[in-house]
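In what follows, a single structure is set out as structure tokens and then discussed.
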């Protein structure tokens with residue numbers, strides 16, 4: 001209600017200013033000179049321009065996204081404050097080149113960043129929701145296509161401006177729009193991976209591999225863009241302090257993803273070492289004594305016979321490990337409990353021992369989440385690192401309420 005009152009007052013003031021200028025000046029050229037030279041006129045027109053931009057943004061939001069969730073609104077408020085502050089700090093480097101065109105570009109940059117954040121938040125919401133209408137998918141794809149086209153247009157225009165007039169403030173906006181273009185392309189490819197996985201009913205084991213490489217390429221591209229921008233600004237203007245934080249975050253994200261990949265390789269190697277393939281005698285003994293684990297009368301795959309025996313070994317190991325884990329400090333408990341469950345849970349699924357899963361293993365999953373919530377109170381869900389082609393990747397990401405069900 002307050003926004004609509006403010007919008008009405010701003011547009012009424014703009015209309016009154018235009019009428020006053022027309023009545024007092026009578027001609028077009030003197031009217032334009034008055035509007036662009038009078039400080040009051042510039043203030044009123046700029047305020048009306050911001051109101052019209054906000055109304056246009058709300059119209060696009062209603063058309064492409066519908067009603068925003070509370071989490072999206074909170075994310076929007078946090079990111080807008082940071083983005084405006086950071087961009088204003090960056091503009092201090094080009095303080096001698098600030099003009100009306102620069103302020104228009106600044107408004108357009110913040111406007112596009114808002115819809116990039118909303119698109120990313122909506123994709124994350126869709127990935128966690130079971131039923132999504134076809135209209136929602138069409139609207140989201142249309143929004144991402146429009147953002148990619150606008151980003152490309154601004155990148156080309158800023159590049160032509162720099163080539164025409166040399167290093168200027170357009171370097172800043174060109175690289176900002178290029179980062180947005182890389183981000184929206186990565187989001188679209190992530191959305192494509194989600195659609196392919198949903199068409200296969202979540203059985204696409206290579207999804208996490210492709211997702212990892214997509215995020216890796218995206219982080220490397222952003223890091224290269226930040227480094228080139230840093231070198232250009234440092235060469236022509238001086239130290240760009242506003243980009244140091246983004247550059248450091250990009251380096252840390254790349255380092256974290258590479259470290260996650262090597263941890264995955266280490267865990268899979270440890271899994272093969274702790275649970276070797278059983279011998280033929282052990283398979284025959286398992287078939288005689290534990291027929292309830294047989295998945296078919298004549299299983300076509302050897303894995304169906306191997307899994308129960310490996311699961312029996314893993315079950316004994318996890319009982320021993322859980323007894324030892326209780327005597328460790330909390331952080332070591334978290335690390336060892338996660339490792340133990342990640343080793344045994346896939347075997348339990350292959351063996352189809354649902355009774356043991358519900359009675360013994362899922363309570364340990366709940367204990368793991370409670371322990372992690374105690375160490376990191378702001379996180380209410382398992383923080384799962386990259387584990388491609390590994391069944392535990394999905395199950396360790398299940399919230400506590402799902403485990404209890």
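Using N, Cα and C of the backbone, Cβ positions are placed for all residues, glycine too.
Note on TrEMBL: of 278-298, 299-319, 320-340, the range annotated with the feature region 'Disordered' is 278-298. Among the ranges 98-118, 245-265, 350-370, the one that TrEMBL lists as transmembrane segment is 98-118. Feature annotation (TrEMBL): of 18-37, 78-97, 138-157, the stretch labelled transmembrane segment is 138-157. With Cβ pairs under 8 Å as the measure, the transmembrane segment (41-60) is packed most heavily against 98-118, out of 98-118, 138-157, 169-193. When Cβ-Cβ distances below 8 Å are used as the criterion, the transmembrane segment (169-193) is approached by residues 87, 90-91, 93-94, 97-98, 102, 105, 109, 112-113, 116, 119-120, 123, 126, 140-141, 144, 147-148, 151-152, 154-155, 158-159, 161-162, 207, 210-211, 214-215, 217-218, 221-222, 225-226, 228-229, 232-233 of the same chain, each at least six residues removed from its ends.
On the 0 to 100 pLDDT scale, the model's mean across the domain 'E3 ubiquitin-protein ligase synoviolin-like TPR repeats' (3-269) is 87.
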